[in-house]
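These notes concern the structure reproduced below.
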Amino acid sequence: MASQPHTIDPFSSENTGEVKRTYVAGATFGLKEVTYTERNGNALFEGDILLGTDEEMQNVRRHIEDQSVEEAVAISGQSNRWPGGTLIYRIDPGLPNQARVTDAIQAIRANTNLTFRVRTNEANFITFRNSDSCSSAVGMRGGEQFVNLGPGCSTGNAIHEICHAAGLWHEQSREDRDTFVRINWSNIVPALRHNFDQHITDGDDVGRYDYDSIMHYPRNAFAIDTSQDTLTPIPNNGQAIGQRTGLSAGDIRAINMLYPQKAIHGDTSTNGLALVTRGNTVLMGWTGSGNLRLNFMTSADGLTFGNKVTLNDVSPAALGLATFNNQFVVAWIGVGNNQLNIMRSADGQHWGNKVTLGDTSQSAPELAVFNGQLYLTWRGVGNNQLNVMRSSDGVHWGNKVTLGDTTTSGPTLTVLNNQLLLGWRGVGNNQLNVMRSSDGVHWGNKVTLGDTTTAKPFLFTRGNQAYLTWQGVGNALLNILVSTNGANWGSKFTSNETCIDGPVITDLPNFNRLVWGWTGTDAAHHLNTLLFNW
């Protein structure tokens with residue numbers, strides 16, 4: 001009986017060859033020099049990432065070192081996203097156990113925004129083929145590219161390699177990896193140490209470090225003594241790494257950030273938009289371009305909106321939205337008088353019970369519901385001080401609190417762990433700030449973050465996590481930080497999308513997604529929504 005062909009573990013000491021240099025560029029990083037292993041005419045980076053043929057990579061190196069960087073970048077073939085998030089593929093008839101490919105595709109399709117289609121005549125496609133190991137290029141290279149699977153490569157290995165083809169690099173290549181894993185250099189095969197000393201990420205450096213990622217090296221990757229670690233988690237509490245079973249929550253989030261479900265809507269605004277969810281209905285509110293009139297429309301999926309209504313009321317700033325007593329509530333400032341206004345609707349189309357308050361603001365107000373009360377926050381006129389007051393019915397307002405802190409943009413409110421969180425950007429330094437209150441009257445535990453914005457930030461809570469989103473300074477990029485207590489904020493993610501006037505977030509519970517909304521920086525300033533996981 002013939003023995004099964006040997007499959008080389010891509011992270012074992014067998015995966016050796018001549019060590020060479022080349023240059024790569026990605027969708028979110030510039031030109032970087034990297035070291036790779038040449039094996040069977042291929043350039044293998046970090047064990048299983050197929051940069052191309054050795055000849056191609058040496059041509060890239062020569063072009064870069066002998067000519068201008070600008071020309072070299074064009075030659076290097078930087079990693080690209082698959083258009084529409086659809087990976088085109090074919091399976092070579094000679095590949096044994098093809099079910100591991102189809103099972104891997106199904107697992108990814110069921111959990112992410114990626115779709116797959118068998119090739120007909122498309123120019124750019126993946127071929128799954130037989131090999132002596134597991135490897136793949138990162139991202140769409142153009143033309144035919146390969147996912148190589150040896151006989152011993154499992155469905156989990158196939159998932160790992162498809163994730164490379166979609167655009168993910170290795171988890172331990174993150175810039176912050178030394179905080180979470182210790183590299184035990186003495187146990188690494190000397191000729192393979194280059195697989196640990198390079199930091200390459202391409203937009204998949206999303207959220208907290210993910211030990212459970214299917215994209216992580218195993219503990220004994222490239223080990224001299226495979227019974228001992230080459231990577232040890234910090235702290236070393238028995239944490240498993242290097243699983244090849246399935247996608248982790250972090251993997252799903254990373255893929256969906258690289259391939260978001262996004263809609264660019266026909267409506268436009270010169271202010272930011274507002275979003276709120278009641279049940280499975282998402283309500284969007286905005287001020288119209290040119291006329292500043294209040295507009296609303298609804299959606300069941302966060303992407304397709306309809307039932308648009310335009311009111312006669314106008315506002316020079318963005319709106320604040322909430323749900324209270326099973327009704328939608330909108331807050332805005334009036335044109336000319338800057339007075340605060342509140343109005344309610346049972347369906348997002350028919351609005352009434354308008355209340356105009358004596359207080360004024362020159363920025364967008366914000367609403368939140370806490371302990372059965374509707375809270376309103378705004379920036380004061382003349383002094384820029386933060387203000388909060390509340391109502392038990394949305395009509396009668398009182399218990400106003402004016403704080404010493406100031407802002408030149410609208411503040412934001414949310415509720416986390418039975419506490420109100422108030423967020424704003426500081427005057428002078430533009431730094432993001434958050435403080436807390438257990439009663440809406442007494443405020444403290446102020447946290448000043450290092451991040452800055454020149455627009456209104458926005459707070460949102462789902463479950464036991466609060467999300468802070470804002471527009472970056474200088475680049476207008478969308479950003480998110482996450483906290484479970486309102487004091488410690490981390491897992492920062494920066495999107496490639498850009499906005500004016502700050503982004504917002506709401507929930508889409510029937511899809512187990514969050515909706516990110518913003519007004520675009522395009523010339524017309526179209527409204528945008530995007531679905532993502534966290």
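Each Cβ is built from the backbone N, Cα and C atoms, and glycine gets one as well.
No curator has checked TrEMBL annotations; they are predicted automatically.
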Given that TrEMBL assigns His160, His164 to the Zn(2+) site, pick the one from His170, His194 that the record assigns to that site as well.
His170
Tell me, by DSSP, whether His160 (Zn(2+) binding site) is helix, strand or coil?
helix
Suppose the Zn(2+) site is His160, His164, His170. Which further residues of the same chain have a Cβ inside 8 angstroms of that site's Cβ centroid?
Asp48, Ile49, Ser136, Val138, Glu161, Cys163, Leu168, Trp169, Ile214, Met215
Would you mind reading off the Cα separation of Glu161 (active site) from His170 (Zn(2+) binding site), to the nearest angstrom?
11
For a quick check of packing: other C-beta atoms within 10 Å of the C-beta of Glu161 (active site), how many?
27
Check each residue in the chain of His160 (Zn(2+) binding site) that is at least six apart in sequence and keep those whose C-beta is under 8 Å from its C-beta; list them in sequence order.
Asp48, Cys134, Ile214, Met215, Arg244
Over all shown protein chains, what is the count of other CB atoms within 10 A of the CB belonging to His170 (Zn(2+) binding site)?
27
Given a separation of at least six residues and a C-beta threshold under 8 Å, show me what packs close to His164 (Zn(2+) binding site) in the same chain.
Asp48, Ile49, Ser136, Ala137, Val138, Met215
